[in-house]
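Trainee: To start, I am sharing the structure in question, which I have written as structure tokens.
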């Protein structure tokens, strides 16, 4: 009887030998309620236009092309569409959201608003933008773009002040100076309206430095005032630098309502597009796949900076991106990461996706879903069995009862047999 607990424990450990359930470096989903946002590496429609049609252009398995769970556009990104005239209406909905885009706005594009501007500021903007997107898509099912209507009572029109190469900023819009103003020391306003969504991500941006125009330096100052609630959001230029600064953006999450955009100095800016967030859901971390070029082009790590637990899991390849279609399309490592979309998985964690929910040699960090448990028994290669102990306890009791019955029966027959021999 005293050997029984040891027997059960040894059997349990032996049963776990040879079984391993490590976290895998993939993105996956618990069930069919998922959605992917991407670019050319997951744009099935773009592949249709290649001649000849060649699915090696993508990192996405072509079996997913007809799933209806992908919103991707070659040459674009959510950040690029949010700020610039190069626009694609990313739209999708799901409990589990995956992002594999961002590479189409990197240091390789070298965007800056003016010739003396700074691309570093735009990389900072990119990181702040995706932080808001990832955080909010952990609690919202639906993402799309909406236009933001505004009313400006002056005669001046919006101006393309901020542009570089093929990229022209149109969100926020700049309202040009009125002809009767001799300089930029003036206050001006415009009404804008947010309606139809649960919440919105909108930009509030300023030139954070001394802006030079006709020998005069100006400090940018921009505010949004919610006329329904009385809440005001604002930014004022605080830097004294005259070169090397650019358009610093904050990304506000605002409710529906009537707003007033206010400029106290320099040009008035007003949002023209917003990320529309709809359908609140239970907290579900998003998954982000690193979006970068082959090393021949300069990339950034802003999506990694923006993707932090517990609201986001980041997946990356350990090697340089080397495509088979061309060096920037069809990489084996990233194809492997996306292959997890072909099947359901029970558990997600910071380390990766677990294929089974029973036992693992690795403790899941920031776990989500039905996750395995594990323990260290000072033998790194031997995971302890951590199944539900109740069945083992019951089995032990039954075995103990069986042993007692067998012993009693043996004693009974031995005594009975001895009595018979004595009587004979």
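Residue 1 is the first one shown; counting continues down the chain.
Cβ atoms here come from the backbone N, Cα and C positions, even for glycine.
Copied straight from Swiss-Prot:
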ACT_SITE  40  active site, nucleophile
DISULFID  44-65  disulfide bond
DISULFID  113-162  disulfide bond
DISULFID  197-276  disulfide bond
DISULFID  205-249  disulfide bond
REGION    267-379  region 'Esterase domain 2'
DISULFID  307-312  disulfide bond
DISULFID  347-371  disulfide bond
TRANSMEM  393-413  transmembrane segment
Trainee: For residue 347 (disulfide bond) and residue 197 (disulfide bond), what Cα-Cα distance in Å is obtained after rounding to a whole number?
Mentor: 31
Trainee: Kindly assign residue 40 (active site, nucleophile) to one of the three DSSP-derived states: helix, strand or coil.
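Mentor: Where residue 40 (active site, nucleophile) sits, the three-state DSSP reduction gives helix.
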Trainee: Here's one to test understanding: among the disulfide-bonded residues 113, 205, 312, 371, whose C-alpha is closest in space to the C-alpha of residue 65 (disulfide bond)?
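Mentor: Nearest candidate: 312.
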Trainee: Spatially speaking, which of the disulfide-bonded residues 197, 249, 312 is closest to residue 162 (disulfide bond)? Use C-alpha to C-alpha, please.
Mentor: 249
Trainee: Over the span of the region 'Esterase domain 2' (267-379), how high is the average pLDDT in this prediction?
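Mentor: Mean per-residue confidence for the region 'Esterase domain 2' (267-379): 94 out of 100.
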Trainee: Given the disulfide-bonded residues 65, 197, 249, which one's Cβ is surrounded by the fewest other Cβ atoms within 10 Å?
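Mentor: Per-residue Cβ counts within 10 Å for the disulfide-bonded residues 65, 197, 249 bottom out at 65.
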Trainee: Which one is it, among the disulfide-bonded residues 197, 312, 371, that lies nearest to residue 44 (disulfide bond) by Cα separation?
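Mentor: Result: the closest of the disulfide-bonded residues to residue 44 (disulfide bond) is 312.
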Trainee: Can you tell me how the residues of the region 'Esterase domain 2' (267-379) break down into helix, strand and coil by DSSP?
Mentor: 16 helix, 35 strand, 62 coil
Trainee: Using a 10 Å radius around each Cβ and counting other Cβ atoms from all shown chains, which of the disulfide-bonded residues 312, 347 yields the largest count?
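Mentor: The largest 10 Å Cβ neighbour count belongs to 312.
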Trainee: Below 8 Å Cβ to Cβ and six or more residues apart, same chain only. Which residues does that give for residue 205 (disulfide bond)?
Mentor: 172, 222, 235, 247, 248, 249, 250, 269
Trainee: Here's one to test understanding: among the disulfide-bonded residues 113, 197, 307, whose C-alpha is closest in space to the C-alpha of the residue listed as 'active site, nucleophile'?
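Mentor: Ranked by Cα distance from the residue listed as 'active site, nucleophile', first place goes to 307.
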Trainee: Using Cβ-Cβ distances, find the residues under 8 Å from residue 113 (disulfide bond) that belong to the same chain and are at least 6 apart in sequence, listing them in sequence order.
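Mentor: Spatial neighbours, sequence-distant, of residue 113 (disulfide bond): 161, 162, 163, 164, 169, 207, 246, 247.
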Trainee: Excluding near sequence neighbours, so keeping only residues 6 or more apart in the same chain, what lies with its CB under 8 A of residue 371 (disulfide bond)?
Mentor: 346, 347, 349, 354, 357, 364
